[in-house]
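A.B. asks: Below are the structure tokens for one structure; questions will follow.
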Amino acid sequence: MKLQTTYPSNNYPIFVEHGAIDHISTYIDQFDQSFILIDEHVNQYFADKFNDILSYENVHKVIIPAGEKTKTFEQYQETLEYILSHHVTRNTAIIAVGGGATGDFAGFVAATLLRGVHFIQVPTTILAHDSSVGGKVGINSKQGKNLIGAFYRPTAVIYDLDFLKTLPFEQILSGYAEVYKHALLNGESATQDIEQHFKDREILQSLKGMDKYIAKGIETKLDIVVADEKEQGVRKFLNLGHTFGHAVEYYHKIPHGHAVMVGIIYQFIVANALFDSKHDINHYIQYLIQLGYPLDMITDLDFETLYQYMLSDKKNDKQGVQMVLIRQFGDIVVQHVDQLTLQHACEQLKTYFK
């Protein structure tokens, strides 16, 4: 499947298929040099997939740490200095091969190297179906995730579904959170459909039918980011579950998607409190348990610690914390939420696990 962005200009293709990696060679021929920034774990398992590409004299491989460990100033400077030592030009390309963190990092390198060079995303996880599309790139600060970054469109996104076959279950769980988030944004019918399809751990682990839901998730995100590239309006909806989720991820060091799922439940609790919504919290908790999400850490959540992180969320303004909330399916809002409501929601969340 080939999708295409529909901006007024500077559009890019998104290839979503088994064997999509074959498209890379077509692009490499257009660049004077290419630097493949590859996650150390992906390199360990899939190095042979890139042998043909690396046979090109003008292609270099740079192995970087896996996950969020790579999104540091130190790694950023080290990588830039190495690339600059090869006398690059603006017709150089940075190719990100790995999960969402790899794409974030490599994209920020591409955006800032010579004020912008070509950038190709080659996501290898389910989670990265979300982050590889839309142009958000960046690194982390000691103050929180993704606070230093840019909006930078890739030249192409090449999503080879063959990479998913070897994902450990923890990464399947983490990635599924973003797939599920897109279903929630699409409404009650889409949510019921995906819950009925992936109804337990066994089916989720098999990845049966995942291709369809990944493609639908990408289409959902494209519709939103083309309408609001710089996150001034509806693109904020894509942060569903992330205000609280990022805080949980940062302080409890759990996978991104696991934390987002906790954040999704949390926002349902907040929506019930603010709007008298009738979301069935037990339903969502039981669904996550059926899928195998480890939720024991919820009893250890410390609101004061998490709140300090939430205050740094990029959606906030001078009035305080803003959250994306599902008031009702099909009625999504970005809402200021006061500290007391946030605290009560955290306390209520914990009561479900006592």
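Even glycines carry a Cβ here, placed using N, Cα and C.
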A.B. asks: Check Swiss-Prot for me: it has GLU178, HIS242 binding Zn(2+), so pick out which one of HIS256, HIS258 it puts in that same site.
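C.D. replies: For Zn(2+), Swiss-Prot names GLU178, HIS242; of HIS256, HIS258, the listed one is HIS256.
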A.B. asks: State the Cα to Cα distance, in Å, between THR166 (NAD(+) binding site) and HIS242 (Zn(2+) binding site), rounded to an integer.
C.D. replies: 27
A.B. asks: Return only the integer: C-alpha distance in Å from GLU178 (Zn(2+) binding site) to GLY103 (NAD(+) binding site).
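C.D. replies: Checking the Cα atoms of GLU178 (Zn(2+) binding site) and GLY103 (NAD(+) binding site) gives a distance of 16 Å.
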A.B. asks: If we count other C-beta atoms within 10 Å, could you say which of the binding-site residues THR125, THR166 has the fewest?
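C.D. replies: Each of the binding-site residues THR125, THR166 was scored by Cβ atoms within 10 Å; lowest is THR166.
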